[in-house]
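This report refers to the structure that appears directly beneath it.
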């Protein structure tokens, strides 16, 4: 089956026409070669083709109807003629959708036309002399088909289909003719003149847009018939099936779902724009709506029964996995259409969302000013968009949102549920405020153009439909950006390529803003709503370009990101559009690269400075020595590196005339000391020691670091050790500075060295616990019960411990959580192990 009457096109493999194609009857399985047939217009109006009795009658009825229209317009008046042809159109439209619909429904389920023909022997040899109906049917087919056509050689299904085509020709041509005549009668009352069209105004714009829509409608019809031929045009697969045929998506079937029911009715709205008559628009909407009912209750069930559903039933839904593996998970609250779905009376956030919506709508009773409502709507849209952008961007780059909850003791799934609440709340708030803004603006209008209003609501309906299609294709998991938060639940990474995503790569950027632009029409092009619609459009494009697309490439691969939709393939066939698309891709790519600047700039800067200082650091005083004693296990020549908690030993030597008892040695971060090598301008923050035991007798820690001191005749030398009482417990590049007397004049500077974070053992929870205890014991910050105690070492605070865990395991944990577990190291390490396991699975 195709869709000039359906969403899918069917064509025989490697064939341009169904003529000569092998076909098979649906029930009997009888095979035959399909003879050549012609489309509707050629059958009726091409004088070179033979005409059957019914085809002549159809042509004459069309001519007679046009003549009667002219007569009734001249004699009975335009209003009477309009009502007459409106009634005719509705009658033929019901005959189409209800009459043909019932026939096809029963033919699809019971093959009742085929069975009726067989039961009455309509095409049997010799039956013509016994039954006037058989005689007429055989005469009709014989007069229509070429002379060499032998009716008896073809199955009943094919002959019945040929007769069914005649009925379809009558109904479709009269349906089209009466609609066109009704539009022409309405256009006769229009105020559109040629002089008016020569100037740029609303009337000329709608006429030009309407004309363009008409031309596009003609292209849709022609291209659809090119793809599917008359086999699908006349619902051939309700009678017989083509062998070796496949569902195809080509031409117009590649750019729209159900093109003959969607964009195939674009002309209806085109003529409504041209006439500017809202009554024509309402009639067009009614006709289009009836056609959608025909699609839903006749076409779609038959397509799914013959070819299977669009979305494979075997597809594994991540939503079902989540529910199956987590008993405490419930489906999230969703704002669908104008109501809420999945409301859970035991979930407080649902009451908050619904209550906020109700309160916002109730605010209309306060008669707020237009300016106030617009400002609130603009503020809400900007803030909600920025919040969504920030969370998703950070979540994509470093799992920030998940880590935020994990570090505070919550689960990965709970963080996802909180995101669902935030996203749905933001969506609800932006839509509710936009609706209120539109209502206030609409009330303020002195007069209303109902044609604009109706077209506005059509765009709103299109937006609602698109959201429904997106939800059907992505499921709740995709709707809430689940692949940002629960990557470990995705067993087979694959982007949705069915439903609306077969035709549009990012439908939210096109159809997802239709409602916002619909409010522009409803409010008669108010500046406020134009601004809001523009922001809506830009925010959607920014989200897709700078958040979704980079994440898709990361999770699903660049080849999935480069996949073209049906509309994209069609449009990129035009060279100017392809050039513009390539330029836009390069531009957005460069912006994405700017956003992806490494966050490790500080670490890299420290390394660069350390390398430079290795060459420039020297003794600032002659005949002096100031060296860090090397540990052969941890350091090699030219590379000083110590692990957090390791003691560092320094040897120094100074001429006696330069030495003072109050000389001291300080420990500093290289980045904090600045470029002054002769004077230290920053505080040591108590990371210092004396050079002897007499200079600072009241400072126990300062003199406790002195391990050796010798005063000779010509020089003074010593050895000090910086241990847990004086060291930093954060990674970085450091240096020691030897200061004269109690001031900050620098006499000597050590080579720069690194303090690094030890890699804790993450093989098992017990291994992590043991390695953590060993490290903290070395740092002297555990009490007798094995708990972390800040008072044991003032340099190793909660914040420092957090950084230590983050840098050594990649998992962050909050101080609030550590307080909740009373700083129990086993509880903390078990939580870190679980976090690390989850975060690794998300990569």
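FYI, residue positions are counted from 1 along the chain as it appears here.
Every residue gets a Cβ built from N, Cα and C, even glycine.
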Transmembrane segment range according to Swiss-Prot, out of 21-41, 84-104: 84-104
In Swiss-Prot, residue 240 and residue 419 sharing a membrane side: yes
Candidate ranges 349-366, 475-492, 493-510, 547-564 [criterion: Swiss-Prot lists as transmembrane segment]: 349-366
Swiss-Prot annotation of transmembrane segment - which of the ranges 142-162, 226-246, 247-267, 310-330 it falls on: 247-267
Closest-packing stretch to the transmembrane segment (280-300), where packing means Cβ pairs under 8 Å, from 167-187, 372-392, 420-440: 167-187
The topological domain 'Cytoplasmic' (74-83) - residue tally per DSSP class, helix then strand then coil: 8 helix, 0 strand, 2 coil
Surrounding residues of the topological domain 'Cytoplasmic' (441-452) on its own chain - C-beta under 8 Å, 6+ positions past either end: 272-273, 276-278, 281, 370, 374, 521-526, 528-529
Feature contact check the transmembrane segment (513-533) with the transmembrane segment (372-392), CB under 8 Å, 3 or more pairs: yes
Folded-back contacts onto the transmembrane segment (349-366), same chain, C-beta under 8 angstroms, at least six residues removed: 333, 335, 340, 343, 421, 424-425, 428-429, 432-433, 436, 439-440
